[in-house]
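J.: Here Swiss-Prot flags D101 as active site, proton acceptor, drawing on sequence analysis. If you look up Swiss-Prot, you'll see D6, S7, G8, N9, S10, R11, L12, K13, T127 marked as ATP binding site, on the strength of sequence analysis. Annotated substrate binding site per Swiss-Prot: Y92, G99, A100, D101, R102, T177, in sequence order.
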Amino acid sequence: MMLLIDSGNSRLKLGWLRSGAREPEPAAFDNLDLQALASWLQTLRPRPTRAIGVNVAGQARGEAIAAILAQCGCSIEWMRPRREVLGMTNAYRNQAQLGADRWAAMLGLRMRLPEGHPPALLASFGTATTLDTLGPDNEFAGGLILPGPTMMRGALVHGTANLPLAEGPVTLYPTETHEAIATGIAAAQAGALARQWLAGQERYGQPPEVYVAGGGWTEVRPEIERLLQLVGAPFGVAPVPVILQTPVLDGLAALASAL
């Protein structure tokens, strides 16, 4: 059994690969609660001896995870972005700057697409929102990073004197502060996604397929679906986002299968 570990800014997501089969349901814990990881490891049969993962939560967090795994007799290899792997090339100028989770997620997306696929835009709504594009030639073209919905909301609370920690409906013309904040956050997320969708249409001459992931998707879904209908209409398409549950773990599983 090979463990698959996605150590994100807020959440620790875990899966496994055994004889080509995946976990029936991934595990997820607060990334500060490493005791939950230790307890989960005790439930696994057979006990894993190897793990691969990506870590964007800092060196100390990676070392702490490795130490817990070592107590169970399991070693881990933290994966780093490569210029080319499993048929996917990487246009990032400096590989060391690219978040390993973004790279693994794009690889997970790549492995589910047929040859000759349209451009694909993957939007991940987590602590940060990332909007990354895979071309028909299987090149990761690059993408955007911006604060996720929760971080945007917190920034308004901590960076201003009077704005509340707001939740509310999204409307075209908000007339109440909670609505104004909720709508502004959704509009920022949707606008960034629409920009990258249009950039893909411009670069590749065909409309990108849209894939989404992350815990923030539910909050921004209505505004994104509405805006995608508007930007797609001039091209005769109505993009419908496809939800991916674990694109990072999917990419790690592909790498593990190739080891």
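The first residue you see is number 1, and the count goes up from there.
The backbone N, Cα and C atoms fix where each Cβ goes, and this holds for glycine too.
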J.: Looking only at C-alpha atoms, tell me how far L12 (ATP binding site) is from R102 (substrate binding site), rounded to the nearest Å.
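T.: If we compare the Cα positions of L12 (ATP binding site) and R102 (substrate binding site), the gap is 15 Å.
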J.: Taking only the residues the record lists as binding ATP, namely D6, S7, G8, N9, S10, R11, L12, K13, T127, what is the largest Cα to Cα distance between any two of them, in Å to the nearest whole number?
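T.: For the residues that bind ATP, the greatest Cα distance is 14 Å.
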J.: Based on Cα coordinates, which of the following binding-site residues are within 10 Å of D101 (active site, proton acceptor): D6, G8, S10?
T.: D6, G8
J.: For L12 (ATP binding site), list the number of other Cβ atoms lying within 10 Å of its Cβ atom.
T.: 24
J.: Using DSSP and three states only, what is L12 (ATP binding site)?
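T.: Going by the DSSP assignment, L12 (ATP binding site) falls within a strand, counted as strand.
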J.: Distance check, please: Cα of S10 (ATP binding site) against Cα of T177 (substrate binding site), rounded to an integer number of angstrom.
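T.: One finds 28 Å between the Cα atoms of these residues.
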J.: Under a three-state reduction of DSSP output, how is A100 (substrate binding site) classified: helix, strand, or coil?
T.: helix
J.: Sequence gap of 6 or more, Cβ distance under 8 Å: name the residues on the same chain that satisfy this around D6 (ATP binding site), in order along the sequence.
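T.: The list for D6 (ATP binding site) reads L12, K13, L14, G53, V54, D101, A104, T246, V248, L249, L252, given in order along the sequence.
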J.: Can you tell me the three-state DSSP label for Y92 (substrate binding site)?
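T.: Going by the DSSP assignment, Y92 (substrate binding site) belongs to neither helix nor strand, so it counts as coil.
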J.: Within 10 Å of the Cβ of A100 (substrate binding site), how many other Cβ atoms can be counted across all chains shown?
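T.: The answer is 21.
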J.: Near the Cβ of the residue listed as 'active site, proton acceptor', how many other Cβ atoms are there if near means within 10 Å?
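T.: A 10 Å sphere around the Cβ of the residue listed as 'active site, proton acceptor' contains 28 other Cβ atoms.
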